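Have a look at the structure below, then the notes.
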Amino acid sequence: MNSLKDGNHTALTGFILLGLTDDPILRVILFMIILSGNLSIIILIRISSQLHHPMYFFLSHLAFADMAYSSSVTPNMLVNFLVERNTVSYLGCAIQLGSAAFFATVECVLLAAMAYDRFVAICSPLLYSTKMSTQVSVQLLLVVYIAGFLIAVSYTTSFYFLLFCGPNQVNHFFCDFAPLLELSCSDISVSTVVLSFSSGSIIVVTVCVIAVCYIYILITILKMRSTEGHHKAFSTCTSHLTVVTLFYGTITFIYVMPNFSYSTDQNKVVSVLYTVVIPMLNPLIYSLRNKEIKGALKRELVRKILSHDACYFSRTSNNDIT
């Protein structure tokens with residue numbers, strides 16, 4: 001974008017990000033933990049036939065969304081450190097903003113789809129294979145990504161309608177919309193309403209779906225006579241509810257509450273939760289609380305160890321013969 005004169009102002013061609021932390025080692029460690037944890041979940045679900053169910057199909061895409069969400073923010077921080085700069089171009093800022101909005105929405109709607117999956121599994125177990133067939137799962141996933149695309153378009157379009165005259169220092173570690181609005185010298189009322197409505201709609205709809213699903217799940221669990229049934233049903237929902245509480249709490253604070261109700265520094269701290277901390281914790285939450293994932297991980301590790309030992313003994317035997 002070329003510099004354009006507007007009265008006594010000059011349109012900005014880029015922004016300076018004030019950053020999250022000056023410790024490059026911490027940046028690398030956090031990013032590698034996020035990548036390795038979520039990538040491990042995806043690979044485990046793909047290679048383990050015991051996990052080829054709709055629940056884990058959605059979980060693998062949740063891990064992908066976490067990984068991609070963090071990757072849309074963190075690598076830029078690392079590159080800026082390596083070249084000793086904290087700048088991002090106008091186009092780069094728009095891409096980063098749209099990517100973050102896309103994957104945040106994908107995670108929102110995925111959590112609702114996972115709640116529906118748990119609802120069908122617990123409340124209608126005999127019809128589960130029909131109601132959550134491969135075709136239905138793919139259709140739900142298509143809705144997830146379409147919703148993400150629409151929200152991303154609304155964010156990037158609103159961004160391009162803003163005029164930035166200076167200063168260009170963004171008090172954030174990535175191009176989030178709230179700190180960008182503070183730098184705009186144009187009317188932000190329409191953009192604020194549009195984005196609050198679009199983000200709020202996604203949050204309200206998905207929260208309602210999750211709430212209704214869990215109300216029916218709770219009613220079904222309370223009707224169960226078996227203590228073992230109670231424990232099994234609750235254990236399958238605990239990890240999902242934990243992730244839902246963490247994620248929706250942070251994004252509601254950022255994207256739904258009015259900007260004047262919190263400071264930019266508070267915005268930055270809360271943003272760390274959903275861009276860094278939550279993507280890092282999600283694999284741990286689902287792994288530690290899910291017996292099927294722990295069992296699949298143990299089976300794959302044992303299989304790898306046994307196959308390695310078999311190859312070793314085979315080579316040893318061949319050497320002895322020769």
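Every residue, even glycine, has its Cβ placed from backbone N, Cα and C.
The topological domain 'Extracellular' (1-28) scores a mean pLDDT of 54 in the predicted structure. What Swiss-Prot lists as topological domain 'Extracellular' is 1-28 (among others).
The N-linked glycosylation site annotation in Swiss-Prot covers Asn8 (among others).
Sequence-distant contacts of the transmembrane segment (29-42) (same chain, six or more residues past either end, CB-CB distance under 8 Å): 59-60, 63-64, 66-67, 70-71, 74-75, 78, 276, 279-280, 282-284, 286-287, 293. As annotated by Swiss-Prot, transmembrane segment applies to 29-42 (among others), with the evidence given as sequence analysis.
Proximity of distant same-chain residues to the topological domain 'Cytoplasmic' (43-50), defined by a Cβ-Cβ separation under 8 Å and at least 6 residues beyond the stretch ends, is recorded for 56-57, 59-60, 292-293, 295-297, 299-300. Among the features that Swiss-Prot reports, topological domain 'Cytoplasmic' is placed at 43-50 (among others), with the record citing sequence analysis.
What Swiss-Prot lists as transmembrane segment is 51-71 (among others), and the listing cites sequence analysis.
Look at Swiss-Prot and you will find 72-95 (among others) tagged as topological domain 'Extracellular', backed by sequence analysis.
Annotation note: Cys93 (disulfide bond) sits in a helical segment as assigned by DSSP. The feature disulfide bond is assigned by Swiss-Prot to Cys93-Cys185.
Taken from Swiss-Prot, the feature transmembrane segment covers 96-116 (among others). Within its own chain, the transmembrane segment (96-116) has Cβ neighbours under 8 Å at 55, 58-59, 61-62, 65-66, 68-69, 72-73, 76, 88, 140-141, 143-145, 147-156, 159, 174-177, 180, 202-203, 205-206, 209-210, 213-214, 240, 243-244, 247-248, 251, 274-275, counting only residues six or more beyond its boundaries.
Annotation comment: Swiss-Prot describes 117-135 (among others) as topological domain 'Cytoplasmic', evidence class sequence analysis.
Note on the transmembrane segment (136-156): residues 54, 57-58, 61, 94, 97-99, 101-106, 108-110, 113, 116, 177, 194-195, 198-199, 202 of its chain, located 6 or more positions outside it, place their CB under 8 angstroms from a CB of the stretch. According to Swiss-Prot, the transmembrane segment annotation covers 136-156 (among others), on the basis of sequence analysis.
Annotation source Swiss-Prot lists topological domain 'Extracellular' at 157-192 (among others), citing sequence analysis. Residue counts for the topological domain 'Extracellular' (157-192) under DSSP (helix as H, G, I; strand as E, B; rest coil) come to 15 helix, 4 strand, 17 coil.
Taken from Swiss-Prot, the feature transmembrane segment covers 193-213 (among others).
As annotated by Swiss-Prot, topological domain 'Cytoplasmic' applies to 214-233 (among others). When the topological domain 'Cytoplasmic' (214-233) is classified with DSSP, helix, strand and coil residues number 17 helix, 0 strand, 3 coil.
Here Swiss-Prot flags 234-254 (among others) as transmembrane segment.
The feature topological domain 'Extracellular' is assigned by Swiss-Prot to 255-267 (among others).
The annotation N-linked glycosylation site is assigned in Swiss-Prot to Asn259 (among others).
Taking each of the disulfide-bonded residues Cys93, Cys185 in turn and counting other Cβ atoms within 10 Å of its Cβ gives the largest count for Cys93. With respect to Cβ pairs under 8 Å, the transmembrane segment (193-213) is most closely packed against 234-254, considering the stretches 51-71, 234-254, 268-288.
Here the topological domain 'Cytoplasmic' (117-135) is broken down by DSSP into helix, strand and coil counts: 16 helix, 0 strand, 3 coil.
Per DSSP, the secondary structure of the topological domain 'Cytoplasmic' (43-50) breaks down as 7 helix, 0 strand, 1 coil.
Taking Cβ pairs closer than 8 Å, the transmembrane segment (51-71) reaches residues 31, 34-35, 38-39, 41-42, 44-45, 99-100, 103-104, 106-107, 110-111, 113-114, 117-118, 121, 132, 136-137, 140-141, 144, 275-276, 278-279, 282-283, 286, 292-293, 296 in its own chain, all 6 or more past its ends.
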